[in-house]
Amino acid sequence: MEASTSQMLNFEPPPIFCNSCLGSTDPEYLTYNLAVSGVLLAIVGMIGLIGNILVVKTYLHPELAIHSTSIYLAALGFSDFFLVLTAMFLFVLEAWRHHDYPTLAYLYVIGAPIVFPVAAVFQTSSVYFCVAAAVDCFIVVVLPESVKVLYCTPRRAKMTCLILFVICCAYNVPHFFELEKVDCLDDNGLDSMQICPTDIRLDAAYYAIYYTYMYTTFLAIGPLSLLILLNVCVVFTVVTKGSNEENGEDDTISLILVVFFFIFCNFTALMVNFMEIIFDDPTMLVYFVDLSNLLVVVNGTANFFCYFIFGTSFRNTLKKTILGAPAKRSAVLWINDQENKNQQTSLI
């Protein structure tokens with residue numbers, strides 16, 4: 001009796017099968033996942049990485065960095081770069097590791113518990129940098145000049161971006177406790193490793209509060225509603241009165257398009273979130289989740305093309321950035337810079 005009790009105390013449950021933590025093992029889905037996340041997302045992501053590097057370098061060029069809008073768009077490009085980079089790690093590696101690539105599988109399992117929360121940080125910061133840029137555009141285009149001079153300065157923009165990023169990091173701390181590496185048995189009965197959700201992530205109360213209510217409020221309906229309202233006001237003002245923005249009306253239009261594109265791409269993610277709540281059918285949801293992930297990367301990639309096609313000042317400064325031409329500030333730009341410096345001095 002004592003021996004059997006000792007054996008029970010030392011008993012360890014057998015390892016789980018690796019497939020038990022996968023959303024779907026259907027061969028048709030795995031083919032779809034490889035095409036969408038493994039190939040298409042990888043191609044779009046590579047373009048996005050290059051484009052966002054150019055966005056950051058261009059908007060931080062001395063000729064554009066004197067405008068608060070440029071600071072917000074540079075911050076958005078910085079955030080989108082790391083959003084695309086982490087998304088490629090999570091989704092491209094995740095797609096290919098199911099097709100007999102043990103090295104990729106090992107890298108994914110080791111890195112995912114850290115890369116996933118980091119990706120969540122940059123996804124959140126991209127949302128709020130876009131909101132900050134939209135608010136800045138609203139102030140510049142719609143509100144009186146006195147308000148613009150007071151709030152739309154590079155110094156305030158930099159401080160706002162820093163504060164927003166710190167808040168985004170704090171908001172996503174729980175994600176660091178949602179995934180864990182576990183030992184498992186593969187299809188051949190051999191020891192392997194897999195990424196599985198932790199008990200915290202599977203807790204019903206945690207999921208309801210953090211994913212359902214907080215996500216919907218702070219990352220979906222809240223920001224999207226605000227962006228729609230701000231964009232409608234800006235569009236109405238541009239159409240009826242024209243834009244007097246120093247960067248030019250075409251740059252205002254490019255920012256309007258960026259916001260509209262952001263709304264469209266992230267609306268799909270919101271729909272997937274609601275579908276996950278309403279429908280308890282993972283075999284159907286995984287298809288929409290892959291599409292949603294692709295659209296997030298597409299959004300982080302497309303901004304460069306909006307700036308390039310519709311923004312004259314961005315296009316001209318990009319040429320100087322690529323060719324390495326020295327910055328040449330016009331008299332108007334120099335005066336505006338001096339006004340910003342004077343305004344910053346009066347605020348200290």
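The backbone N, Cα and C atoms fix where each Cβ goes, and this holds for glycine too.
Going by TrEMBL, these are the annotated features:
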type     : residues : note
TRANSMEM : 29-51    : transmembrane segment
DOMAIN   : 51-307   : domain 'G-protein coupled receptors family 1 profile'
TRANSMEM : 71-92    : transmembrane segment
TRANSMEM : 104-120  : transmembrane segment
TRANSMEM : 126-147  : transmembrane segment
TRANSMEM : 159-177  : transmembrane segment
TRANSMEM : 213-240  : transmembrane segment
TRANSMEM : 252-272  : transmembrane segment
TRANSMEM : 284-310  : transmembrane segment
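At the 8 Å Cβ threshold, with sequence separation of at least 6, the transmembrane segment (213-240) lacks contact with the transmembrane segment (104-120), having fewer than 3 such pairs. Most Cβ pairs under 8 A with the transmembrane segment (126-147) among the ranges 29-51, 104-120, 159-177, 252-272, 284-310 are made by 252-272.
Within the chain carrying the transmembrane segment (71-92), a Cβ under 8 angstroms from the stretch's Cβ atoms is held by residues 37-38, 41-42, 45-46, 48-49, 52-53, 55-56, 59-60, 65, 108, 111-112, 115-116, 118-119, 122-123, 125-126, 129-130, 132-133, 136, 154, 157-158, 160-161, 165, 255, 290, 293, 296-297, 299-301, 303-304, 307, all 6 or more beyond its ends. Touching of the transmembrane segment (252-272) and the transmembrane segment (284-310) is concluded from the presence of at least three CB pairs under 8 A, sequence neighbours closer than 6 excluded. By the Cβ criterion (distance under 8 Å, sequence gap of 6 or more), the transmembrane segment (29-51) is not counted as touching the transmembrane segment (159-177), fewer than 3 such pairs being found. If you average pLDDT over the domain 'G-protein coupled receptors family 1 profile' (51-307) in this model, you get 87.
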